[in-house]
Each structure stands twice: as C-alpha cells, then as structure tokens.
Amino acid sequence: MSLSSLAVIQQAMTRYVLPITLGLGNVGNIILIVFFSQKNHRMNSCSLYLLVAAFFGIVGGNCGVIPYVVALYFPDPFNKFLVLCRLRLYIIYISAMSFRSMIVLATVDRFALSSSRQSFRALNSFIIAQRATICICFIWAIAGFHLLIWPTIQNDRCLVYGVYGFTYSILQLITLGLLPTILMIIFGTLLKKNLYQTRARVHHVARQAINLNTTAFRKRDRFLIVLVYTEIFLTFIFTFPYASYAIYTALTNNIPNKSVERLQIESFAFFFTVSFLLYLGNSTTFYGYMAISKTFRREVKTMLLRFVGRRPTIIGHEPAENNMPTRLINQTRPIISNIPH
C-alpha cells in the first residue's frame, strides 16, 4: 500500500467513519444513562458504575474525535494554542481512566455479590459505590494534573515528548492498558469460581430446588461470564494498541531526520490507535449489551416506547430471573433462599 493511500484512508475515516462512530456512541451512551437512571436501577451500585462510565464515554469521545473532524475544514486550535492543547489532553486522560475504572468497579461489584462471604457482599452497597466513584474521579483528576503543565506543540502536533513523554507512555501502558485488563481477568476468574461453587452448593443441599430453577440460574451464570470476558476483550483490543504506540512514540521522538515515509506511517498509526480504536471503545458498551442480552433489548424497547407515549405489548410472562447485567448476581439469591436451612 502506498503512502498516498494511507493519507486518503485516514482522511476518509476522519471525514466519514469517525463522525458516525461518535454519533452512534453518543446515542448509545445517552440511552445507557437514561436506562440506568430509571427508578428500578438508580439505587443499584453496579448501575451507578455503568452510568458514570457512559458519561465519561461521551466526554472522552467528543473531546477526542470532534477536533479531528473540525480540523478537516478549519484550522485546529488545539494544535495551535498551548492552553487548549493541554486542557484537551487533561480531559481526555480523566475520561479514559475513569471510564475504564468504572468498568473494573462494575466487575468487582458483580464478584462481591456472588461471594459467599458477608464481608465481600457488603461491598455491594450504593453508598460505597457513590464514594468509590467520587474517589476515582478525584484520584484521576489529581494524577493527570501534569498534563496541564508539560505537553507541548511540535510540528502542529499536541503531544508529550522527551523523558517526560517516555515516562508518561509507560504509565499509560500500565494504567490504561495492562492494569484494567489484569483486574478484570482476576475478578472475572473469581466470579466464575463463585458461580460454580454456588451452583454446586445448591445442587448438593436441595436437588429439587435446583431442578425448579436450573434453567434461569444457568442462563444468568452463562450471561454474566460472557459479559465479563467481553468487557475484558474490548478493553484489551481498544486500549493496548494505544499504549504500545505511546511507548514507540516516546522512544523515537528524538530521532533526528526521520524520512517523510516514516513520518507518514507514524501519523497513520497514531491516528488509528488513538483517534479510532481508543475512542471506539467508548462507544461499544451499549451495543455489546444489546447484542448479548435479550432482556436488555426488551427493557430498552419498553423504555423507548414509554418515552414516545406508546404502551408496550406484553407477549408473555417474564420470569423474575433475567439476564440483566446489573442484576444478575442479585437474582441468584431467590434460588439459594428457597433452600431449607
């Protein structure tokens, strides 16, 4: 592929693909915010984490994508004025870190609910979720303060350079790429273990009870595991390439006399990993839930019909146990409570 083709592809993606991705992501995240703000979800700890994640998905996506699209038609002020350059990087950093932190906390929340230990289950509290959310946002706001001081503009690109750029890239690799994925794998594995132990315990104590509820229980079991590992996969796919390229940039920024071809390839790699993949990750949560959960699709449809003033048609009775992502583990309790002590 010629270098001119890369430039054409990048311009086409910026002009057409990014606005569509941003638009779909905004719509999906707004629906998630409204959905998790409903009366039956607003006091749920996991719903709060997912709601805040959707909010930061909107903020990070718009701050990251809109300047690229606008720069096709007008001079880009974020690559001209240092104050705007640093402020944009600061907002994007807080949004990206808070978004992934909320997903990790949601995974921890599901693990806590599945635990047989009361001390772990106590973590599934709306008050604790509120405090954790505030603390996470405060921590990342403080941790990213350096972005208001040291980023610079070189060759019309607002980036971090030199020793500071290398250090920042290492931190990004750890905090944005590796750490969220590792935490999700750990708590996802523990969650899977807890679910299997719960199933075995129920089966051993009351075979009849598990026979009455086995279909619903296994459906919740399966869905939760798929949801957790889907989040792990998406986090790795959309964030690790960015962190890897950030390291490459830090290592090669001071190389003098780079060829035009190399600069163009680096520019496309930066665009693809940062402007496309990283922000695409902010737009996929809603559509992931829509693809996975039939119950989620049905409840979203009911909500939207209620907003437009139409009464949804009830086709049949929906069992109390469903596979909603924020209520899965809570719904294992009726199964266990039916067991004689």
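Cβ from N, Cα, C; glycine included.
The structure displayed is predicted, hence computed values, not measured ones.
Residues or ranges marked as domain 'G-protein coupled receptors family 1 profile' by TrEMBL: 28-289.
According to TrEMBL, the feature transmembrane segment maps to 16-36 (among others).
What TrEMBL lists as transmembrane segment is 48-70 (among others). Away from its own ends, the transmembrane segment (48-70) comes close to residues 14-15, 18-19, 21-22, 25-26, 28-30, 32-33, 36-37, 42, 76, 78, 88, 91-92, 94-96, 98-99, 102-103, 105-106, 109, 126, 129-130, 133, 271, 274-275, 278-279, 282-283, 285-286, 325-326 of its chain (Cβ-Cβ under 8 Å, at least six residues beyond either end).
Taken from TrEMBL, the feature transmembrane segment covers 90-108 (among others).
Annotated transmembrane segment per TrEMBL: 128-150 (among others), in sequence order.
Here the transmembrane segment (170-191) has Cβ contacts under 8 Å with residues 96-97, 100-101, 103-104, 107-108, 110-111, 114, 224-225, 228-229, 231-232, 235-236, 239-240, 242-244, 246-247, 250 of the same chain, all six or more residues outside its ends. According to TrEMBL, the feature transmembrane segment maps to 170-191 (among others).
What TrEMBL lists as transmembrane segment is 223-248 (among others).
Summarising the annotation, TrEMBL assigns transmembrane segment to 268-292 (among others). Sequence-remote contacts of a segment are chain residues at least 6 beyond its ends whose Cβ falls under 8 Å from one of its Cβ atoms, and for the transmembrane segment (268-292) they are 6-7, 9-10, 13-14, 17-18, 21-22, 24-26, 28-29, 31-32, 50, 53-54, 56-58, 60-61, 64-65, 68, 95-96, 99, 103, 223, 226-227, 230-231, 234-235, 237-239, 241-242, 244-245, 248-249, 300, 325.
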### Query
So what's near the transmembrane segment (128-150) in sequence-distant terms, Cβ-Cβ under 8 Å and 6+ beyond its ends?
45-46, 48-49, 52, 86-87, 89-90, 93-94, 97-98, 101-102, 105, 109, 122, 160, 164, 168
